[in-house]
Structure formats: structure tokens, C-alpha cells
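A.B. asks: Can you keep this structure in mind? I'll have questions shortly.
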């Protein structure tokens, strides 16, 4: 066994790497008079304008509808796949489905089946099916075996599952579905930025008109909707929500697609051009070499720089904010303010935050890094804060309060899980920073977006594979590091705890 | 029905819990296993259950009950007969339990003193009530033999005696692990003493004296 890796060493290495990369990052503020812009935005935000209530309600309803329909379809497909997850073919299919980000799925699907409700729903459902299959399979595997062993030996497989397994995993399954719906609400808002009729679309058009009051109103409603998710989405009401969502989506009109578009997309567009035109292997290698030099390497470089700097920023934000929600540190009112601050940053997807920062600072890596750091930092700050809060009753009676408690009693105790969460989110930050290219920032997503808009899907597919490989690599490194530091394992299902407004926060 | 273990070594994984065990049981015998915890009673019961399970109908009460906490008492009892019905019917029974089945289950539960809890999920019950639910499932299943591991350890003395009597009335052949020596003497036709993974004595209940039993726990 290699020696235990000191957490401080890991932190130092990541910080050093980010510091070395910092001078190479394009952080130029190119917006026209950013401070005046910021001032106008803040004035507008302080005066929300609910005048356009109809447009606002419609785009919020569609955001919910896409999220509910996508998550429901994904959960159903994942549930059907879960019992077969131990088969290699199913597992590879699921890994492939979930390695592509929702927005990239949306871009591909819009090319393949046209811009309409099916593309939006599938953009969520396809990656989520892969995730649900994995999570449900884990939950089945970890369910208590004793009821199964007590069954009469001749019981058929279906009854066995329905009686001795499903009731045991229903609660964790529901919790995970709710967590996924929260992710789905964010993804659903974000696919609006690429043309689907959800919140992102509305936000973009308000922004273009400079209507910051309406922007503010729509953001307030959206955050309220996510924060109250567990109040309006009761498991018993789920069928009603699903039926309502499907009805709303069915009424959407979409521009008609030419016949055979999907088939052409699958059989021609995504096949590398040199193979289509019969240039053979040398042609393919030239094509790949050219793609690598002109798009993949520059995109990769920017994506990695943004990721590494954003990861350190995430850590700083999380470490500085986790105490905010602990009443023993900030007091009762401080705690409410802390919750509000973290809820706002957690509810707004990275992509949307980056969009907002982009309006102020102009296109560079700066908006991406800020958005990634704030959003992910708020999520980790919330989770670590909850753990810290649960430690307080067990401390010695004469423990200090306020900042001393935070620094001396809590921070050392939660440092392990803080670090584990940061490393866990490393891969997520990478994927999101690639996606932000669609906003016009020079990460990998930029080249995917432009390849697709030039109808060169073959190039987009190659870059998507590069992203999948890179995130697999980071996932492996992160796992190794966590093992070497001997900090508790973390899995995706643990993040079901990342509720926007947790049950315990609402009770008090 | 055939129960026979000859020179068997039993256990989980590497370390054997029981070694060189010779044990057999005839139809009509009520056998009680006595011995301190860790003696190997559960291991022996599970090995015999595994041997029997394919060939005859066995009613089983495992040590932890093996109940599904989220399902109602009634449905946990119904689970004793899952293998008598097809999947479609069992799935239907999760949604609606037909009247005759319900009545049959409720009659069993009433005799176990659980008539007021038939609809409650098992997770809302006390330890003793859970144990009685597991016994109810075994009664509902019925069969040639009951194999039960400490089926009354969590219920009070009077009720324990009643339940043991019900077991005697319902099953000709029984194999139980118990820790209450008096209860064991009242119930068993044969008592087997285990300690440290070996059978220390094995004989008719009336032939086993107090001293032999005390030696098991000393």
C-alpha cells in the first residue's frame, strides 16, 4: 500500500497548477464599459418587472414541461435497463449516453430530428436514461438481501423483485428522481439558449432588448420554482405533472423537417467526410490531423485551463461559504442570508451564470471561470455546511462560537469531505466548461457548435469523443486521488442530497 | 422429507462455524437447538433449510425476520405463498388483495394478536410485533416442516408460550433454535446442544438433564 497522500499536498498541487496556468488564460475584459453595464443590470434587477407575465408564465411552464417529460422518460428507460446493467453491452450503451452533455445532445438532436418538443425531451431523457440505469442498478444491488432470502424458493423473478426489492429501494429511488428533476430544470432552462422555447430563450430575448426588469422577474420566478421543487412535486402528483407536461409539449408547433433527415444524419452526416468521399485511411488521417491542430488542441487547452482555475475557485468559494448556513457560526439571521445566497447561486445553472457574466465582461474565459466557481462552490458549500451543522451538537459544551468555531472546530473536521466533493465535481466542471464554448468562449463546445452550424456533424462527433475521453481520464485521476488520500468514497447518488432547499432548511 | 448431515463442515467463506456435524431428523420429531450465541445454531438451521428447500415445502422464520419494512403486515404475510402464484397475480396482489386471501391472513394475524395492525407497514411496528409478523408468514405458508431461528426472542413470556403452542399444533415436524430452556423442554421431543461449533449432546427431551444444559452456557 502506498503511503497516505496528505490532503494539504493535493490542495497545494492543484493551487500551484492553477497559478501556473493563470497567465495563459484569456481573462481580458472586452465588454464595452463593463461597470456601467453592471450598474444598469443591477438597477434593473432591483426593480423586477412582472409586466410580461404571460410570456413569463408560458416559458416557465415549458421549462417545467421539458424537465418533467425528459426526467420521466429517462427514469422509465433507466428503470427498464437497470436489471441488465451487469451486461457489458448495456453498460457500454449507458456510459455512451451519459458521457454526452444535455446541451450537446440537444444540438445533435436538433440537427437530426428538427427543433421541436421531441428534440428537447430526448436531449434530457437520453443522458438521464444512462445515469438512472446506473443509479437504479446500484440501489438494487445494495438493497437488503434478507427479505429476498426469506422468500419461498420457487418464487418467480418478477414477484421476487416486486415484493422483496422494489419496496426497499422506493424511497432512495424517489429521492434520486427528485434530485434529477432539479438537474433537469437547469438543463431545460439552458437548452433555451440554443433555440428551444424554454427559459433560456426568453432570457436571451429580454437581454437583447435590454429589458433587465423582465429578466430579473423571470430569474426570481425560476429560482423560486427550483427552491420550492419539493413542495410542488409530490411523488403522488407525478402522473398529473407528466400528463400536463406532455399535453403542453404536444401543443408546441415546430417547423417541419425534410423527409429522411434523421436517416441522412445517421448514415451520412456523422460519417467522417474522407470516408464518405472514398479517400480511405490516409484521407482520414489527414482529416483527423487537421481537425486536431486547428480545433481540438486549442479547444482542449482552453477547456483545461478554465477547468483547473475554476476548480480552485470552486474550492475557495466553498471553503469560505460553508460556514454561512451554520447558525452557530453566523447566527439565526446570518444563516437565512447564507441560505438565500447559496440557493441563488445553486439554482442558476453554470451556463446561465456564464451568460450573465458574458454580458458584462465580454467573451473570454473569465465569465466561464466565474460561473463555474460560484455555482459549484455554492453546491459544495451547501453540502459541507450541512455536515458541519450536524457536527455542532456533538462538540464539547464550551466550544467557541462564530469564526473561531468555524476555523478551529468545524473546518478541520469537514476538510476531508470538502476535498472529496471538490474532486468529485472536477469532472462535472470540465464537462460544463466544454459546454460553455457554445456561448462563444473558445473551449471545445465552441468548435462543436460551429461544426454543427456548418453542417459538419462528423467533426462534432470527433470532438464529443475527445470530451468523453478527457472526462473519463479526469474521473479516473479523481478517484485515484481520493483513494490515495483515504477519504470516504462518494457517488453520484450521494448528490441527491444536493437539494436546492433541503428539507431540514425548510423546517427551521 | 429427508434431513441428514454426515460429517459436514459448515460456515461462511474461509472459517468453518460448524465442523464434523452429524445430524438427522425424522418426520414427526420436534427438535430444538440450544446453545450460546455463536455456537452455530443459525448456520445449522440454514444448512438444513437449504437441503430441504428443493424437495419439500418448508415454512421458514429466519433470525432477522426477513420482512420488507415498507410493505404492510398483511402483504408481508402474503409473501409466504408467492411461489404458489404466477407473477401477474402477485403483482395484482400488491395493488389489491382479494377478500378470501385477506380473510385467511387476518385470521392468522388475529391469533398472533396483530389484528389491529394488519394495514400498518412493518417499519412502524415494535420488535415483538415484527417477529410475530414473520411467524404469521410461516403459518400462512404452512408445509411439512417449520424451520425457525429464535422465533419468539422478542415477545413476552406468555405470548412466547402461546406462539410455541401454535407452532406445535400447526406443524408435525419442527426444527427450532431457542434460548429459553423451559420453553424448549415444553416443546421439544428432542434437544440438541451446541457449543463452539460442535454438537455436545443430542437426545430425547426427557433424557437431557439440567447439568448438561448448564454446561453449554458455562
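Glycine residues also receive a Cβ, built from the backbone N, Cα and C atoms like all the rest.
Note that the structure is a prediction, hence the values are computed from the model and not measured.
Annotation source TrEMBL lists transmembrane segment at A:60-82, A:103-126, A:161-179, A:212-232, A:309-330, A:429-448, A:460-481.
I'm curious about the neighbourhood of these features; can you describe it?
C.D. replies: Away from its own ends, the transmembrane segment (A:212-232) comes close to residues 40-41, 43-52, 56, 59-60, 63-64, 178, 181-182, 185-186, 189, 199, 202-203, 206, 343-344, 347-348, 499-501, 503, 506 of its chain (Cβ-Cβ under 8 Å, at least six residues beyond either end).
Listed by sequence, the residues of this chain that lie at least six past the ends of the transmembrane segment (A:309-330) yet keep a Cβ under 8 A from its Cβ atoms are 11, 14-15, 18, 21-22, 25, 337-339, 341-342, 365, 368-370, 372-374, 376-382, 384-386, 388-389, 392, 401-403, 405-406, 410-411, 414, 418, 421-422, 425-426, 429, 433, 505.
Tertiary neighbourhood of the transmembrane segment (A:460-481): same-chain residues 5, 10, 96, 99-101, 104, 107-108, 270, 272, 288, 291, 295-296, 299-300, 303-304, 423-424, 426-427, 430-431, 434, 444, 447-448, 451-452, selected by CB-CB distance under 8 Å and a gap of 6+ residues from either end.
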